[in-house]
There are 2 protein chains.
Amino acid sequence: MALIVQKYGGSSVADADSIKRVAKRIVDTRRAGHDVVVAVSAMGDTTDELLELAAEVAPIPAPRELDMLLSSGERISMALLAMAIHSMGFEARSFTGSQAGMITTADHGAARIVDVTPVRLREALDEGAIVIVAGFQGFNRDTRDITTLGRGGSDTTAVALAAALDADVCEIYSDVDGIFTADPRVVPNARKLDVVSAEEMLELAANGAKVLYIRAVEYARRHGVMIHARSTFSSSVGTYVLGPGMTVPDGHKDAHKGEHAHKGEHMEEPIVAGVATDLSQAKITIIGVPDVPGKAAEIFKLVARSGANVDMIVQNVSAAATGRTDISFTLPKADATAALRALAADQDEVGFESLVHDDQIGKLSVVGAGMRTHSGVSATLFEALSVAGINIEMISTSEIRISVVVRGDDLAAAARVVHTAYGLDGDTEAVVYAGTGR
Amino acid sequence: MALIVQKYGGSSVADADSIKRVAKRIVDTRRAGHDVVVAVSAMGDTTDELLELAAEVAPIPAPRELDMLLSSGERISMALLAMAIHSMGFEARSFTGSQAGMITTADHGAARIVDVTPVRLREALDEGAIVIVAGFQGFNRDTRDITTLGRGGSDTTAVALAAALDADVCEIYSDVDGIFTADPRVVPNARKLDVVSAEEMLELAANGAKVLYIRAVEYARRHGVMIHARSTFSSSVGTYVLGPGMTVPDGHKDAHKGEHAHKGEHMEEPIVAGVATDLSQAKITIIGVPDVPGKAAEIFKLVARSGANVDMIVQNVSAAATGRTDISFTLPKADATAALRALAADQDEVGFESLVHDDQIGKLSVVGAGMRTHSGVSATLFEALSVAGINIEMISTSEIRISVVVRGDDLAAAARVVHTAYGLDGDTEAVVYAGTGR
């Protein structure tokens, strides 16, 4: 008998039939003897529809009211889910973010969790009920107003509940089977990982893997929550995201041994966990920057003030003859206009010659905790790309990751050759479901 | 500078444009220097759509969860309304039933208000904000669960807020201009009443008039709240519902004098305020009931236990030869099946001969506080119907009302001749808007 937190995204509860399917899944978990707490997102496109309505009545909706509006979405899905469970003969009770004790900062639309006081959830669990909690929302103690957590909010709700209730596992359901060695839509013979370390998962999520939100993974690692990423549409074991000292639960360990033991891949820690791809970034190159101390700082202060989130930076070797150099950096495509505008406005002061904007790039990242102790990992990457004739434009590394920027058109081919080079290819094609998992 | 509570129903906030129109109306009231508190219903058909979804996931939805579900509807409309007001440059804040301090019994789906503690509303008003409150909902202090008030809930929310905040007037907006001397769809030359007494309004509402809910009128009379029933689609003065000791506000009194003074009708209290029509009732006749003491009690105990709400009762004079009598009663059509089943199940014990069910009846009621002191009021009614050749099947009276049951097909004609007989006809046809006003 364990306490299991489950999270279901909007596509898992998009209509009445989906809700009944999810209800059955929850009831099955209860029948197996476990206590169950569920965090649920708004149905399908509800949030987008509400945002559209808001845009119709007000050009810039008041943030407090926008949160009041959006928080109604989970209220609908959670009440329906509780009813569906009820009609299967099980006791279920739904709770809003504030009823669940999800206490946040007052930053409407992007509130951070500051405390979780799940008194009412504990009471309901003690009374034998299945607990359903509205994902994505909380409330602020000072203003007594309702808040929403922003992107990845429901995943974060689930992980925060798992931490506060000391749950055995936090199951994050989506429309994919778990975490793959690469995006199966890019690399068809990508394999599902049975286990990934939290730090690897953070690098994968930060570099383009979309199954889990980095914010939820961070919260889980900090609070010692074990995440199990799995599919709403199958009952097979997904991927366990393990923090320091965690091990896969007994039952599931056996299952995966039976499945994969012949490959011998779990005898020692694999060097590379996976290959992440990301087409969402743009590159800005600042040409002819005076090669004097403090120029880089000046430039990136300007960029930061424009609100842009800089990822990779490369400063070319200075050409001695001119005393000038070029600086390139990548950032989310959506941030590029603001950054370009900020730089152009101060061109004379900074003293650079021109700006080049390039939104046709792709980023490929190889992630693996094993890299730390294995030499030659980057050599494998560069050789594979070189053989395939793919040009590397930028490189950045962390202790457990190497990222390269290539042409966007080359990204899929690059991912496939690198995936093969690290011996990650599976025997069969991965199953890809329609939809987005959110 | 007054404190005005306004209530807008679902058809008044059915889409973005309607919401903006209502927002403008609220802002205009604020601009006139008044404090404004608004109770709002869910948008258009939202409640019906949510009920449909609930029926899809569970045959008999859990009442607590149904209230959680339905309460999301007002959350959407009130947040959008607050945003729309905000974008017109005025400060507005929305509050859920529980944030507004609307404390109720725990009867999900039909909760009664037990206390109103509008601390947060007072704070917001003191800070100069327009206050928007979710109609139809509250919460229970013991279970800490969200409740809904059932039919007429939003009207009742508005009146309860007006009472708790000691508002000057509670304006109930719908798609009709106010209270009419008869339903304008039945009697085309019905006149709008400038004033109606609360006790007349109660009788009118209880007997088929649909503009105000009896529950809200009751609450208003008990707590001394002045209701002003008026149209969302025009700025003209509607109908004031006055409790004991209340008078029409000065500005409005002048306006209506200018409009109607030539008719001289406000010089003394009119005898009859209006004619109400009701096609929602059915009649059950129990034939051959043994004429012994206690039989009627036995029968109506059975009917009450079936959940039916009995309205009129007529017991025929007993036929001495048989020692048996017939008893007829009316009740809402929806309650008839349960009542018939309950009676049939105990036929042998009660000892009646047979049951006749008739759902083709219509009820006409003449309401007027002046009846109390004027003789001949009922004679006018009976003569008018007799001249028109309309047969009366049942009669019931109160101090300020006479109701008769006629064939349903005769009801409209009956209403017209009676309306004329009491001198209620106006000079022009009343304007009828589409929609339902809820």
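Numbers here mean position along the shown chain, with the first residue as 1.
Even glycines carry a Cβ here, placed using N, Cα and C.
The feature ATP binding site is assigned by TrEMBL to A:K7, A:Y8, A:G9, A:G10, A:R185, A:K210, A:V211. Feature annotation from TrEMBL assigns substrate binding site to A:T47, A:E74. The domain 'ACT' feature in TrEMBL is assigned to A:284-369.
Locations of recorded TrEMBL features on the structure.
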{"residue": "A:K7", "record": "ATP binding site", "Cβ contacts under 8 Å, 6 or more apart": "A:V38, A:A39, A:V40, A:S41, A:G135, A:S154, A:D155, A:T157, A:A158, A:C170, A:E171, A:I172, A:Y173"}
{"residue": "A:Y8", "record": "ATP binding site", "Cβ contacts under 8 Å, 6 or more apart": "A:V22, A:V38, A:A39, A:V40, A:S41, A:L81, A:Y173, A:T232"}
{"residue": "A:T47", "record": "substrate binding site", "Cβ contacts under 8 Å, 6 or more apart": "A:G10, A:L70, A:G73"}
{"residue": "A:E74", "record": "substrate binding site", "Cβ contacts under 8 Å, 6 or more apart": "A:V40, A:S41, A:A42, A:T96, A:G97, A:A134, A:G135, A:F136, A:Q137, A:S154"}
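When DSSP labels each residue, the domain 'ACT' (A:284-369) comes out as 29 helix, 32 strand, 25 coil, counted as helix, strand and coil in that order. Secondary structure from DSSP puts A:K7 (ATP binding site) in a beta strand. It is A:V211 that, of the binding-site residues A:R185, A:V211, has its Cβ surrounded by the most other Cβ atoms within 10 Å.
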